[in-house]
Amino acid sequence: MKAPPTFVGLPVIPPNDPSLNAASPTPRAIRQTLEARSQPEGAGATVRRSIGTPRLRHLTPFLLLDHATISPGAGFPDHPHRGQETITYILSGAVDHEDFAGNRGTIYAGDLQFMTAGRGIVHAEMPHEDGTGRGNEGMQLWVDLPRELKETEPRYRDLRASEIPRVTADEGRVGVKVISGRSYGVDSVRELAYTPVWLLDVTIQAGGRFRQALPAGWNAFAYTLEGTTTFGTGATRQEVARYHNAVFEQKGDQVLAHVPADAKEAARFLLVAGMPLDQPVVQYGPFVLNDASGVRQAIMDYQSFQNGFERAEGWQSEIGRAMV
C-alpha cells in the first residue's frame, strides 16, 4: 500500500504570536457584512455563496465559501481541481466522495474532509442516499495553496466528529467545537490543511459572551448559521443576522460576540481565520494558480491527461454515474 504523502503544512498555531499572547487585547472591528444569497450550483444543488462573488472575490487565503443544500438526485459529479484545498463540513445528512486515485468514503453530520488538490485531482461529491429522502446540508471552504505547494501530491484528511475537541465557557452559555486552531486554551488536532486555517463552530445561548483571540494579521470572518449574533467592535456593536458573513479588519487581537439575555434563540456561527498569502491569484473555475500561463497549463493538462491528470483518462466515478 502506498504511504500517504508527508505533511508539509505550516504551524496552525503560530508560536510567540503577539495577538495570542497580548496582555491587553483589542477587539477587531467588522470591515464588511454581506448576505449569502441562494444560487444554483453543480447538478441540482443550491448554495449560499459569500466569498467568491463580485462583492467579495477573494479574502486571502480564502477563495470561496459555499453553504450548500443538496437534495437526493442532485450533487457535484466528476470535476477537477488544481492549486487549492477544500474543507467540507457536513451540517446534516451525509456526503459520498470518490476520486480517480481510488479514494472513496462517506462523511456524516459533524464530520469534515480536508482535501488538498495540489497538482491535480478529479473527484465527485454526491449526497449519501440513506433511503429516507432527506436532503443534505454542508459548508465548503476553498483555501489557496502557497506557490511552493501548488504542485504537491493530492491528499485527504477526514476529521470525524468524535475527534473534534469541545469546550464550554461563560457558565455553559458558550460552546465551541475546536475544529482547527485554539479556543479557551484547547487545541485542535494537527495536520489538517497545508495553509494555516483556524475553524471554530461557536454556539452562544441567550446571555452568553464569547471571546476569541486570533493570530496577528490573519484574515478572519464569521458566517452566521443560526440566530442573530452581536459582535463587539470596540466602541460600537453590530448585529449580524442568519446567513450573513461578517468580515473582520486585520487590525486587532480578538473577536468579541454575545447574545442578549432576552434573545428568543441561540446564535451559531463559524469563525474562520487564515494566514494571508502574499501572491497573485488567477482562478479559472476549479483551477487556481499564480498567473494566466499556469491556468492555461492546467486546462491543457486536464484535457490531455498529463502532469497530474493521467488517471483521469477513461475514469468515471461510480457515485456520479446517476447524473450522466
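Numbering starts at 1 and runs along the chain as it is shown here.
Here the Cβ of each residue, glycine as well, is placed from N, Cα and C on the backbone.
For 1-25, the entry in TrEMBL reads region 'Disordered'.
Secondary structure of the domain 'Pirin N-terminal' (46-143) per DSSP, as helix, strand and coil residue counts: 0 helix, 66 strand, 32 coil. Sequence annotations record features per position, and here TrEMBL assigns domain 'Pirin N-terminal' to 46-143.
Annotation source TrEMBL lists Fe cation binding site at His79, His81, His123, Glu125. For His79 (Fe cation binding site), the number of other Cβ atoms no farther than 10 Å from its own Cβ, over all displayed protein chains, is 16.
Per TrEMBL, domain 'Pirin C-terminal' is recorded for 200-307.
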Run through the Cβ atoms and count how many others sit within 10 Å of the one on Glu125 (Fe cation binding site).
28
